[in-house]
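The block underneath contains the structure these notes are about, expressed in structure tokens.
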Amino acid sequence: MAGEVVTVGNKTEENIVCYAPTMITTNGIWQGENPLDYSLPLFIMQLTLVVVMTRILVFILKPFRQPRVIAEILGGVILGPSVLGRNKKFAETIFPLRSVMVLETMANIGLLYFLFLVGVEMDIAVIRRTGKKAIPIALAGMVVPFLIGVSFSFMLHKNSQDTKQGTFILFLGVALSVTAFPVLARILAELKLINTEIGRIAMSAALINDIFAWILLAFAIAFSENHNMALASIWVILSSAAFVVFCIIIVRPLVGWMIRRTPEGESISEFSICLILTGVMICGFITDAIGTHSIFGAFIFGLVIPNGPLGVTLIERLEDFVSGLLLPLFFAISGLKTEINAIDGVGTWAILALVIVLACAGKIAGTVLVTLYYRMPFYEGVTLGLLMNAKGLIEMIVINVGKDQKVLDDKSFAIMVMVAVLMTACIIPIVTIIYKPARKFVPYKRRTVQSTKPDSEFRVLVCIHTPRNVPTIINLLEASYPTKKSPIGIYVLHLVELTGRSSAMLIVHNTRKSGRPALNRTQAQSDHIINAFENFEQHVGCVSVQPLTAISPYSTMHEDICTVAEDKRVALLIVPFHKQQTVDGGMEVTNPAFRTINQNVLANAPCSVGILVDRGLSGSTRLAANQVSHHVAVLFFGGPDDREALSYGLRMREHPGINLTVMRFLPGESAIEATRSDSRKSSMNDPGVLTVVTDDDREKQLDEDYVSEFRARTANDDSVVYVERVVNHGEETVAAIRTIDNSHDLFIVGRGQGTISPLTAGLTDWSECPELGAIGDLLASSDSASAVSVLVVQQYVGMGAGDQLLIPDSPSQQLHEHFNFSHMNPRTQIRGQQPQFHTQP
């Protein structure tokens, strides 16, 4: 039974609508029944309509880069009385009054679980990691809009006289000052800012903002439900505080105990998952019984779930169902309550525009003042202020609760819905115009091993997926011979896949840890990797290690890698090969996604790249330098990549325990004739071939100069063996390599990108991994007889053939200082302008 009050003239009539509560399922249309007269078919129709409408709007708004929350709110508004609901037939058939209870109940269940997931996704530790900036930024971004909300509450409160002014102020202030954490996370991901300094500050500030908003909302609800605002309100607040303490002291340790009972590597049991999902309902019931909203209990329960495999499992199991199916129902309900017609008259629309402009400007002004205090650039402060204006779920919850509690009337509610939509919709377009990360881009010269001076720091970024690659990488770095004259700065990036979380992040580790146990497998792996490199740093002098962890989707992981490389000014970026050695000596794929990451890194890296095929590298970092012994072979065919490989070999050769063999392959008569024949054919088909030939001749001259300089430098060095082999085709090349493959434990080869040589003819026909180049693929293949580690090197693509990059200490060393970046091709210049990390330990 539901009541409806209708005013006709001066008379008020009350209509009572009766419906049968047992009418849940229909007997079928063949018995003359309308399915929409029954609860379940009607609910299914409503749910389908809401989801379809939301998806259509998501598709339409995608080119405008709008977050999904905008589509969800607009979908509800379109289905509501503002657009389609104006048709009485549609409103009475699809959204009749009797269906509202079922619809709202299901929407609130969806909301309950979504807020639980938001709590699970929040990482309170992020606040500690971003330093002191986030808290004042969050507070400044709340105080000014809150004061604006207070001033406007006097203008809007006239039609809501049945509630106290103080309660109305609280609701309006919270609605205007809140920042939606889940919405902001998706906006930052869309703008590729999530792993920048500004992104991390924004996420932390939003997190703090959300926590304050929940506290204020709990107060607002407590006061709105108790008009006298006396003893009952105090009991509500004290009970809520007691509930939070209970969750922290009792519930969190119980959940931790449940996680510890799960054997490592195994998934969380079904019983544990069911227990936690039931716990969400129980916490919602408790807070509802206390007098706070049920979503408050679900959110706090999610917040006390420890970060780790349990959180990931819960998100994977629930997120698609809750976010994709049930949550749009909540926005549909909000839309059904929104009557844009209630915003009548020019004056009310003027108030709406003023609220939007002043609330947005207030958040920006508050944020800019704090950022200027911290000496951040002005445009960064404005960008941060704009990002903090992200509205969505939390604001919709606040104004829905306000409407349910009769704090907000139809006009105030419609105004606040429009404020949420318009403020969030304008963020991405304006931030895209204002914030240009390219402003921070400063070209750096030492992007290659070849251009790094022998008396300066050699910076290397090593990427690690699993601890399995650590020993070989450490031995490789130790063999790179760090000295006081040329120390090695190592940035260790642990790559972790983002699974279901709403926020990707870059974690900068403090290398001196507190010794607490790892909360999950990912953290245990990070700890293992950090400990190994700390040990290396302590036992080998002249090495500095900075460990980092990048948590992001595999599809965009290469962007994080390249941005860290750019920010840290590294000369060499080492990534592990996507295959690992099996017990029987073969090679198996560890994860196909690793290969895609490597290919993207090769295409976008701002420095030289080395792909490490790990088959073990003997040696121990605990031994003295003269006790470590490695036999390294560099295969030289010519070209910039091979010069880079030889340059790295030259650095290694300084190590007293390294024996270096350089095998240079020269074309025989047949190969020279084949090259001439190809050139003649090309010249007949391509009139511009002269420039190609000129470039090729220039490359050959650079190769000759480089090798001559190398031989002059190493003429009296017994640890260096230089061999020249004349070969005519691929088979002879393979035979020559086989003569030395078993006597070495590391091969360094150039990728040979862009060079076509008759010396490798036929080797690429059966290539498994073209990204390694012909020789790299040959040495890395499972069919290869050797079981030797291989480092495939690609020189930074910005280094053209005309750039003067010579051996360190060579007579023309001064040319390094005058290396001109204007020689880069345009593609490289554009690609080099990437957002920067500014991460301090």
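Here the Cβ of each residue, glycine as well, is placed from N, Cα and C on the backbone.
Just so you know, TrEMBL annotations are computer predictions that nobody has curated.
Taken from TrEMBL, the feature transmembrane segment covers 40-61 (among others).
According to TrEMBL, the domain 'Cation/H+ exchanger transmembrane' annotation covers 54-430.
Taken from TrEMBL, the feature transmembrane segment applies to 68-85 (among others).
Counting same-chain residues at least six beyond the ends of the transmembrane segment (105-127), those with a Cβ under 8 angstroms from any Cβ of the stretch are 43, 47, 134-135, 181-182, 200, 203-204, 207-208, 210, 277, 280-281, 284, 294-295, 298-305, 307, 311, 314-315, 318-319, 322-323, 325-327, 329-330, 332-333, 393, 397, 501-503, 505. Annotation comment: TrEMBL describes 105-127 (among others) as transmembrane segment.
Annotation comment: TrEMBL describes 134-156 (among others) as transmembrane segment. Same-chain residues lying 6+ beyond the ends of the transmembrane segment (134-156) with a Cβ under 8 Å from its Cβ atoms: 127, 165, 168-169, 172-179, 201, 204-209, 212-213, 351, 354-355, 358-359, 362-363, 365-367, 369-371, 373, 384-385, 388, 411-412, 415.
Positions annotated as transmembrane segment by TrEMBL: 168-189 (among others).
Only residues 6 or more beyond the boundaries of the transmembrane segment (201-223), in the same chain, are considered here, and those with a CB under 8 A from a CB of the stretch are 122-124, 126-127, 129-130, 133-135, 137-139, 141-142, 164, 166-167, 170-171, 173-174, 177-181, 184-185, 188, 193-194, 229, 233, 236-237, 240, 291-293, 296, 299, 384, 387-388, 390, 394, 397-398, 401-402, 405, 407, 503, 505. Feature annotation from TrEMBL assigns transmembrane segment to 201-223 (among others).
Non-local neighbours of the transmembrane segment (229-251) in the same chain are 164, 166-167, 218-219, 221-223, 279, 283, 286-287, 290-292, 296-297, 300-301, 303-304; each lies 6+ residues outside the stretch with a CB under 8 Å from one of its CB atoms. According to TrEMBL, the feature transmembrane segment maps to 229-251 (among others).
The transmembrane segment annotation in TrEMBL covers 271-290 (among others).
What TrEMBL lists as transmembrane segment is 296-315 (among others). The list of residues near the transmembrane segment (296-315) in space but at least 6 beyond its ends in sequence, with Cβ under 8 angstroms from a Cβ of it, reads 112-113, 115-125, 214, 217-218, 221, 240, 243-244, 247-248, 251-252, 255-256, 258-259, 262, 267-268, 272-273, 276, 279-280, 283-288, 499-501, 519-523.
What TrEMBL records for 322-343 (among others) is transmembrane segment.
Using a Cβ-Cβ cut-off under 8 Å and counting only residues 6 or more beyond its ends in the same chain, the transmembrane segment (349-374) has close neighbours at 133, 136-137, 140-145, 147-149, 152, 155-156, 176-177, 343, 380-382, 384-386, 388-389, 415, 418-419, 422-423. Residues annotated as transmembrane segment in TrEMBL: 349-374 (among others).
The transmembrane segment feature in TrEMBL is assigned to 413-435 (among others).
The domain 'Cation/H(+) antiporter central' annotation in TrEMBL covers 490-625.
According to TrEMBL, the feature domain 'Cation/H(+) antiporter C-terminal' maps to 631-798.
The recorded stretches the transmembrane segment (40-61) and the transmembrane segment (168-189) do not share 3+ CB pairs below 8 A when only pairs 6 or more apart in sequence are counted, and are therefore not in contact. Under 8 Å from some Cβ of the transmembrane segment (322-343) lie the Cβ atoms of residues 46-47, 50-51, 54, 69, 72-82, 85, 95, 100, 103-104, 106-111, 113-114, 117, 349, 352, 393, 396, 399-400, 403, 409-411, 413-415, 417-418, all in the same chain and six or more residues away from its ends. Remote same-chain partners of the transmembrane segment (413-435), defined as residues 6 or more beyond its termini with a Cβ less than 8 Å from a stretch Cβ, comprise 64-67, 69-70, 73-74, 77, 156, 172, 175-176, 180, 183, 187, 190-191, 193, 198, 334-335, 337-340, 342-343, 348, 351-352, 355-356, 359-360, 379-380, 382-383, 386-387, 389-392, 395-396, 399, 402-403. Same-chain residues lying 6+ beyond the ends of the transmembrane segment (168-189) with a Cβ under 8 Å from its Cβ atoms: 67-69, 118, 121-122, 138, 141-143, 145-150, 152-153, 156-157, 160, 199, 202-203, 205-207, 209-210, 213, 216-217, 219-220, 223-224, 355, 359, 363, 387-395, 398-399, 401-402, 407-408, 412, 416, 419, 424, 427-428, 431, 502-504. Outside the transmembrane segment (271-290) by six or more residues, the chain places 112-113, 116, 236, 239-240, 243, 247, 251, 255, 258, 262, 296-298, 300-302, 305, 310, 313-314, 317 with a CB less than 8 A from a CB of the stretch.
For the transmembrane segment (68-85), same-chain residues at least 6 beyond its ends with a Cβ under 8 Å from one of its own Cβ atoms are 49-50, 53-54, 57-58, 60-61, 91, 94-95, 180, 183, 186, 327-328, 331-341, 391-393, 396, 417, 420-421, 424-425.
If you take every residue in the domain 'Cation/H(+) antiporter C-terminal' (631-798) and average the pLDDT, you get 78.
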